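Listed in Swiss-Prot:
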ACT_SITE  SER59  active site, phosphoserine intermediate
BINDING   ASP9, SER59, ASP434, HIS435  Mn(2+) 2 binding site
BINDING   HIS120, ARG149, ASP150, ARG181, ARG187, ARG253, PRO254, ASP255, ARG256, LYS326  substrate binding site
BINDING   ASP393, HIS397, HIS451  Mn(2+) 1 binding site
Amino acid sequence: MQTALVILDGWGLGDHDRRNAVQTASTPTFDRLIEKGANGTLDVSGRQVGLPAGQMGNSEVGHLNIGAGQVVKQAYTRVEDAIDNGSFQTNAAINAAFNHAVATNGRVHFMGLLSDGGVHSEQEHLHALIELAGDRNIDAITHVFTDGRDTNPHSSEQYLTTLEEVIHTHGTGDIATVSGRYYAMDRDKNWTRTRMSYDAIVNRTAEHTTSTALEAVSESYDRGDTDEFIEPTLIDNTPAVEDGDAVFVFNFRPDRVRQLVRMLADIDPAWSFETDPPTTELATMAQYDETFSLPVAFPPNEQHDTLGEVIATAGLTQLRIAESEKYAHVTYFLNGGREIAFEDERREIIKSPDVSTYDQQPSMSSNEVTDTAIEQINTTDPDVLILNYANPDMVGHTGDFTAAIEAIESVDTQLDRLLETIYAAGGHVIVTADHGNADNMGTAANPHTAHTTNPVPIVYTRPDGNGDGDTIRDGGSLCDIAPTVLELLSVEQPAAMTGSSLIE
């Protein structure tokens, strides 16, 4: 084995006065890495990762930048720019949906995450769509997915109030359904959850019905459910998606709307329908899957000479390991949006625990991830290992401080086992993170469930577990990781990678 890249998802470096689970937890393995290795910090938010200034990073953005070896301009930024320069109004995919609704005398249905979190969506993009529909006298309907994960758990009322003002101003866009993202945006093949949102949107069947969207939220709060967990709710006197309608899904991040879009488009169904899905013109803000034959408003900028491709071209073997919650990140996103593995790229997916929220099992599948990595290193001896530990991020999102501490300590324990095996196999190690999360858990009264804009650690050690004589340069970001890995592999950095090695 030559080199391992270990990504501690959501392990940021922040102040200790915000219930910082990373600093509070006992982390002897990580502390030893910092003591013996060459270490520094990376900026992982805003323009450093291709996002608007001040915007927190996330796992998709982080892994795209890591794999590309360059700052990747994100779909969020591209949509913002299009709205600002007016090209949003002439976008082909958006206009195809609008024109279809006009031609069939149907409606256009907007659906996506109503949030200003900037991770999966931005509420102002929906506002721009409603304004455009109003200008063209198109009957628009909105299906709201509430956040509470990348935003405050009780913040959706303010977003709905603003949305209703936009709807009133432009005379279109009535809200037909409200679903928490736990249901509408599941990504771990919990099809029953996805089906509940689908049934509300298409079949107008749900456990709850209210007169207004705000009532849907307030009644959910009364039941003890925060924004993320609002059960799909129908709003009185509003329509379903029907034959001849158009649908536009406005999330710009793909992984958490794929399942619902698969249902709406009847793509390779892993379920059975009681009735056929309606025949619609379905378009999406970004490309959710390269196998979907759907109009895309902002298709991906193709990434070439990514880390995985360069490793494969050099004739080296690589192993990608994560549990299912982060599997797409160490494969699809790290490969620049490519679904298919490169030559000699082996992938191991470990099923994440079947629990409703990960504070119920903070260790998640970190032990199994480590077991698999150790077995594969000892039996197949890959040249490169890329592994993601999901716990700090996924448990951090629950807002449970005690559980987050347990998650951090679990990862630290597993990291010790993993490092021992890598060093024994002769491997160099880079340990880093893609963004912060567990480094700020808010307060007991007001838990913080979102990512942070804090820097993340970067640590390098040689096979002897030390980094003596090496230093990590200042001013680094995630785009510098791939050049660093290639330097350790003695593989030439391609021109497409504009980052530079972090090791001095």
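Even glycines carry a Cβ here, placed using N, Cα and C.
Swiss-Prot feature annotations superimposed on the structure.
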{"residue": "ASP9", "record": "Mn(2+) 2 binding site", "DSSP (3 states)": "coil"}
{"residue": "ASP150", "record": "substrate binding site", "DSSP (3 states)": "coil"}
{"residue": "ARG187", "record": "substrate binding site", "DSSP (3 states)": "coil"}
{"residue": "PRO254", "record": "substrate binding site", "DSSP (3 states)": "coil"}
{"residue": "ASP393", "record": "Mn(2+) 1 binding site", "DSSP (3 states)": "helix"}
{"residue": "ASP434", "record": "Mn(2+) 2 binding site", "DSSP (3 states)": "coil"}
{"residue": "HIS451", "record": "Mn(2+) 1 binding site", "DSSP (3 states)": "coil"}
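Annotated Mn(2+) 1 site ASP393, HIS397, HIS451; additional same-chain residues within 8 Å of its Cβ mean position, judged by their own Cβ, are ASP9, GLY10, ASN58, SER59, ARG149, ASP150, PRO392, MET394, GLY396, HIS435, ASN437, ALA438, THR449, ALA450. One way to see the shell of the Mn(2+) 2 site is to take the Cβ centroid of ASP9, SER59, ASP434, HIS435; the remaining same-chain residues with a Cβ within 8 Å of it are ILE7, GLY10, VAL44, GLY57, ASN58, GLY62, HIS63, HIS329, ASP393, ALA433, ASN437, HIS451. Long-range Cβ proximity for ASP150 (substrate binding site), meaning a same-chain Cβ under 8 A and a gap of 6 or more residues, is found for ASN58, SER115, GLY117, GLY118, VAL119, HIS120, THR449, ALA450, HIS451. Comparing the binding-site residues ARG187, HIS397 on other C-beta atoms within 10 angstroms of each C-beta gives the minimum for ARG187. With all protein chains in the displayed structure included, the most crowded Cβ environment within 10 Å among the binding-site residues HIS120, ARG256, HIS451 is that of HIS451. For HIS435 (Mn(2+) 2 binding site), the same-chain residues that are 6 or more apart in sequence and have a Cβ closer than 8 Å to its Cβ are ASP9, GLY10, GLY12, VAL44, SER45, MET56, GLY57, ASN58, SER59, VAL61, GLY62, ASP393, HIS451, THR452, VAL456.
Cβ environment of PRO254 (substrate binding site): GLU60, ALA286, GLN287, TYR288, ASP289 lie under 8 Å away, each six or more residues apart in the same chain. Across the structure, HIS397 (Mn(2+) 1 binding site) and ARG256 (substrate binding site) place their CA atoms 15 angstrom apart.
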